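Undergrad: Relevant sequence annotations retrieved from Swiss-Prot are reproduced here:
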- CYS1135: active site, nucleophile (ACT_SITE)
- HIS1260: active site (ACT_SITE)
- GLU1262: active site (ACT_SITE)
- 307-318, 386-388, ALA678, SER886: ATP binding site (BINDING)
- ASP679, GLU718, ASN722, ASP884: Mg(2+) binding site (BINDING)
- 1042-1295: domain 'Glutamine amidotransferase type-1' (DOMAIN)
- 305-327: region 'Disordered' (REGION)
Amino acid sequence: MMEILRGSPALSAFRINKLLARFQAANLQVHNIYAEYVHFADLNAPLNDSEQAQLTRLLQYGPALNSHTPAGKLLLVTPRPGTISPWSSKATDIAHNCGLQQVDRLERGVAYYIEASTLTAEQWRQVAAELHDRMMETVFSSLTDAEKLFIHHQPAPVSSVDLLGEGRQALIDANLRLGLALAEDEIDYLQEAFTKLGRNPNDIELYMFAQANSEHCRHKIFNADWIIDGKPQPKSLFKMIKNTFETTPDYVLSAYKDNAAVMEGSAVGRYFADHNTGRYDFHQEPAHILMKVETHNHPTAISPWPGAATGSGGEIRDEGATGRGAKPKAGLVGFSVSNLRIPGFEQPWEEDFGKPERIVTALDIMTEGPLGGAAFNNEFGRPALTGYFRTYEDKVNSHNGEELRGYHKPIMLAGGIGNIRADHVQKGEIVVGAKLIVLGGPAMNIGLGGGAASSMASGQSDVDLDFASVQRDNPEMERRCQEVIDRCWQLGDANPILFIHDVGAGGLSNAMPELVSDGGRGGKFELRDILSDEPGMSPLEIWCNESQERYVLAVAADQLPLFDELCKRERAPYAVIGDATEEQHLSLHDNHFDNQPIDLPLDVLLGKTPKMTRDVQTLKAKGDALNRADITIADAVNRVLHLPTVAEKTFLVTIGDRTVTGMVARDQMVGPWQVPVADCAVTTASLDSYYGEAMSIGERAPVALLDFAASARLAVGEALTNIAATQIGDIKRIKLSANWMAAAGHPGEDAGLYDAVKAVGEELCPQLGLTIPVGKDSMSMKTRWQEGNEQREMTSPLSLVISAFARVEDVRHTLTPQLSTEDNALLLIDLGKGHNALGATALAQVYRQLGDKPADVRDVAQLKGFYDAMQALVAARKLLAWHDRSDGGLLVTLAEMAFAGHCGVQVDIAALGDDHLAALFNEELGGVIQVRAEDREAVEALLAQYGLADCVHYLGQALAGDRFVITANDQTVFSESRTTLRVWWAETTWQMQRLRDNPQCADQEHEAKANDADPGLNVKLSFDINEDIAAPYIATGARPKVAVLREQGVNSHVEMAAAFHRAGFDAIDVHMSDLLGGRIGLGNFHALVACGGFSYGDVLGAGEGWAKSILFNPRVRDEFETFFHRPQTLALGVCNGCQMMSNLRELIPGSELWPRFVRNHSDRFEARFSLVEVTQSPSLLLQGMVGSQMPIAVSHGEGRVEVRDDAHLAALESKGLVALRYVDNFGKVTETYPANPNGSPNGITAVTTENGRVTIMMPHPERVFRTVANSWHPENWGEDSPWMRIFRNARKQLG
């Protein structure tokens, strides 16, 4: 039976206004829209009055419901029938944890009530199309239609393909019907194999074969034999990549054989809780570094949010499934798309060439895709710290003559680093009889055929198959699985995981054969043991679907009880679905039908399928010399600063958490003005050291339109000039991931790909001492469509994205582009040696040209000398600032440095030649260093020692003020206000934020950037930062116990434990399942801290589901109430813990006036480094800090204080319960965005109880308790930041 319960309003006023404007623009006469959430409960038994009241209260969250009866025509948007939304999975979990077992499933829709003039049926279809994502949702016309969401079908049987009867044609038909993308020789192979076996293949077997042998999974092109211009080539592409490892194996621990590559890290204190006692402590051991970079291009073109989200999620799983289990740590992300054409902000180089109907626009991708990628990382708890963004789309004269080149099929890049124990780097042995396990969520009828679909050019597959290959994301589930993996690797030698892989393309049909095959075993499986939410799925759908957040593992039978205990504690679902066998055979039994859908020798599935041969021709681009007739430097500056590749990327940065883990030493945002210009990302290796890891990206795809090999060399060079900003030492410490995107089969591209791979694999990387131990290829970068009577194609440039990873010697020595105005000198290191080529530059692009001669690596020895010289200068602390030269050239390098320093620049470029346009806009490798004036000679001498004398040019200096002046022999070449340039540079991000977020907030942020008087972040302290007030109490040897409380989805508990640990506490890991299960009580604890993250993925209101699981469980409710009433206890709630505790007001004495925390005013997750002031309040944790102003990490989507009315706010203020407020850089309490990131009244962001024993706050002091973890800080701070005082206050209070 289904019950319907109304929910809160679903759209803010500005979202409704945006919808109305879209309808008006489409000439649809819609006058008014009201939207509210509607909940549908699928019940297995009726609820009594008390249970009904409980369910009703559970579903009350968000803004108060409007009591009126809505007017207008109803359009109900729900998830597509046959799918289960991530919201449903999490909300149903909460209901069950609150004791509502009669609820089989909760689902949510949005009821739109549309008041409109008379519209035709077609116009109503247009209205409906604007309201839903056709890939994920459907539209009903009545609330009761939602019953279709809960219809259960009978299991479907396996179906066979009559190969023996119909011959080869049966396989050809199945290939088309199932979207298998099989090649002719693979069809021959299958015909032969099954004829030999003497039986017909089942659909599930063909599907499994297609996924396992797709280009996506098998990398056929990279393993192919090559004939170029009639000459056989000696090596495959993959062999040339492997050559880098053969030449430079140094520091590599694992390459080419696992889900990620591993290199040597540093010996540090890894901080985690003991399995038996729950007590956190440091464990001194090597923390080796793993690295992986994936792409998720096809799904992102079809449905950008889930496409990018599952792209990030899949890469995170790759890291966790490395060796015998590892820990993902920090991420990177990248996008290449066609022109944005922002409505009302179209740029002169943007022409509309059309697109296929089934893929979305570049603007849609960049509106939704980055949000999906960020949301997954945020909810999982991994900071995303670097990335790139390129737009390109034009008709150009390239290798194949004049044709359309661009990214209608986008690149969505997801990568990152993690850590792994030394004894877990290599996978273990799968013993015969080992239990084969699926860890993670249930099978769902989604994401079918992703591997094969992504191997086709967009436009080749059937529209319904595109629908089928879209996936859905549930990062909170992946977090639970990762917590299990963490518990396993933390056991060291007792780790129950023998072997682990992630489930990705092809689902279990790819993952399970890979697991047993890699372990030298076979497998015997039972289909119906696989967890499934949809009983009507066929065997093919159960075995081959790509439901995310799953891992496959082998665990020895005697270790199963331990594994079961770990999973139950973390509430991570798992199923034992088979046993490892001696014989390398794969069998899948179906209990329901008592048959065998799969019964195959593994070598048929994974054996030597026909090897591909590529017989290709070389084509050379002629290009056209740059026509400079109408180009002035002033106009060029304006245009280039508006090119999205160059322009400010704040809209891509502040949506992503950049502080979780407490180990982020360098994020994108630089300096007191938080300008997104960092060259690389840096993390600390642990919470007790200054060793670390660095990541950077290099990418110069447009250059491939003129010279394939140069483009590849420049990508490596740029990654190197970016990562050189931190202290690494030996260049051999740097390891690269190479992600290759190409339109295989397009004239000239295959030979060009071979050239590019050879240039880096056989030549450049070996010469530099660089290794490429990991990478990926995507070989179908083309879209085809019909535009009127014309057949069109959009082909991407050959695109190599290089990600560089390295161990860092001392994270404190990382340079940024932030200029200093002390007596200084700016020096250009020009690795282009005066070539100043303008082909395929940003300048050429904004004038709709390609040019003829591009930049290149001009001298490999000098590139190596540059890196070594930079390392010597960084270690000697001789540099004040560094920024590489890249898209936009020297002009952009200097401008971004001035933006970061909020200062002026006076430079002279006479030494760079007479061609000022080329000097300013060429994109040759190199960059600008800033040195103290007195160090200039010594620095120049050192650069000369490394062979760079002819590359170094004195430019001028940074000055206080607002002028950006470039001269040549004292004649003005360009002069402008730095603030004006800053505003131009910011306009793209402003327009994107206006479209995507609350336009009022976007306008306020843009206005703030135009304020030259802004002093930037600053610090005023009312206490001595160097005084450790906890020291006398620590000296007694007593360590009070603090319960570090977490719920499923919480992700900030480790750094919280470390902060309390440093202040003299014993931090104990306490999961809500421990309390609910009665394994632990709160009676033994002196302090309680509820940590940040996304409990239950923030469904049913941020923190509200967590709170209700306490309030609706009588025993646990008593436990909390008793703790809060006990004298001599302390409690802290941060972020999600703050939201949760604000919903426990009925249990906490003196908290009656506390507010609720609701959706940010911007309607967006906000990750900021915000300035706050400590106000006078009873809070015991903030004693002695009153009046201090200092920046703090902020990361939340629902942090806006909501009070009942003005009287409530006045009472909260008059009682003095406000503990922290947001202030602007002038020190004034503010409600203006982004200084106040959520719009809270009176800047309120922390409150306390009347006795001061319980304090709750939205910002994260635990993430910045170490100075090194602050995005910016005064130079004179030591190891501890001022926020350490909170934790020391706690220790002092407990005596």
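Cβ atoms here come from the backbone N, Cα and C positions, even for glycine.
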Undergrad: So if I exclude everything within five residues of the ends of the region 'Disordered' (305-327), which remaining residues of that chain have a CB under 8 angstroms from its CBs? That is, six or more out.
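TA: Same-chain residues near the region 'Disordered' (305-327) but 6 or more away: 133, 135-136, 254, 258-260, 262, 290, 292-296, 298-299, 333, 368-373, 375-377, 380, 382, 384, 412, 414-420, 424-428, 447, 470-473, 475, 478, 481-482, 485-486, 488-489, 495, 497-504, 548-549, 551.
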Undergrad: Is it possible to list how many residues within the region 'Disordered' (305-327) are helical, extended or coil according to DSSP?
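TA: Helix/strand/coil tally for the region 'Disordered' (305-327): 16 helix, 1 strand, 6 coil.
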Undergrad: Any idea what the Cα distance is from ALA678 (ATP binding site) over to ASN722 (Mg(2+) binding site), rounded to a whole Å?
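TA: It is 9 Å, counting Cα to Cα.
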Undergrad: Among the recorded positions listed here, ASP679, GLU718, ASP884, GLU1262, which has the most company in the form of other Cβ atoms within 10 Å of its Cβ?
TA: GLU1262
Undergrad: Spatial neighbours of THR386 (ATP binding site) among the recorded positions ASP884, HIS1260, GLU1262, defined as Cα within 10 A: which are they?
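TA: Of ASP884, HIS1260, GLU1262, within range: none.
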Undergrad: Which residue, of the binding-site residues GLY307, THR310, ILE316, ASN722, has its CB surrounded by the fewest other CB atoms within 10 A?
TA: ASN722
Undergrad: What are the other residues, in sequence order, whose C-beta lies within 8 angstroms of the center of the C-beta atoms of ASP679, GLU718, ASN722, ASP884 at the Mg(2+) site?
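TA: Leaving out the recorded residues gives CYS680, SER696, GLY698, ALA719, LEU720, THR721, ILE723, ALA724, ALA725, HIS883, SER886, GLY927.
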Undergrad: Quick one: what's DSSP say for ASP679 (Mg(2+) binding site), helix, strand or coil?
TA: coil
Undergrad: Which whole-number mean pLDDT does the model give the domain 'Glutamine amidotransferase type-1' (1042-1295)?
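TA: So the average pLDDT across the domain 'Glutamine amidotransferase type-1' (1042-1295) works out to 98.
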Undergrad: Within 10 Å of each Cβ, count the other Cβ atoms, then let me know which of the recorded positions ALA678, CYS1135 comes out lowest.
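TA: Counting other Cβ atoms within 10 Å of each of the recorded positions ALA678, CYS1135 gives the minimum at ALA678.
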Undergrad: Calculate the distance in Å between the alpha carbons (Cα) of HIS1260 (active site) and ASP679 (Mg(2+) binding site), and round it to a whole number.
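TA: Computed Cα spacing between HIS1260 (active site) and ASP679 (Mg(2+) binding site) is 25 Å.
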Undergrad: Determine, using Cα-Cα distances only, which of these recorded positions is closest to GLY313 (ATP binding site): ASN722, ASP884, CYS1135, GLU1262.
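TA: Comparing Cα positions, the candidate nearest GLY313 (ATP binding site) turns out to be CYS1135.
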Undergrad: Specify the secondary structure state of CYS1135 (active site, nucleophile) as given by DSSP, simplified to three classes.
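TA: For CYS1135 (active site, nucleophile) - judged by DSSP and reduced to three states - the answer is coil.
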Undergrad: Work through the recorded positions one by one (GLY307, ILE316, CYS1135, GLU1262) and name whichever has its CA nearest to the CA of ASP679 (Mg(2+) binding site).
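TA: Going through GLY307, ILE316, CYS1135, GLU1262 one by one, the Cα closest to that of ASP679 (Mg(2+) binding site) is ILE316.
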Undergrad: Using only C-alpha positions, which one of GLY307, THR310, ILE316, CYS1135, GLU1262 is spatially nearest ASP884 (Mg(2+) binding site)? These are the recorded positions in the record.
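TA: That would be ILE316, nearest by Cα distance.
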Undergrad: Under a three-state reduction of DSSP output, how is HIS1260 (active site) classified: helix, strand, or coil?
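TA: Reduced to three states, the DSSP call for HIS1260 (active site) is strand.
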Undergrad: DSSP three-state call for ASP884 (Mg(2+) binding site): helix, strand or coil?
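TA: The three-state answer is strand.
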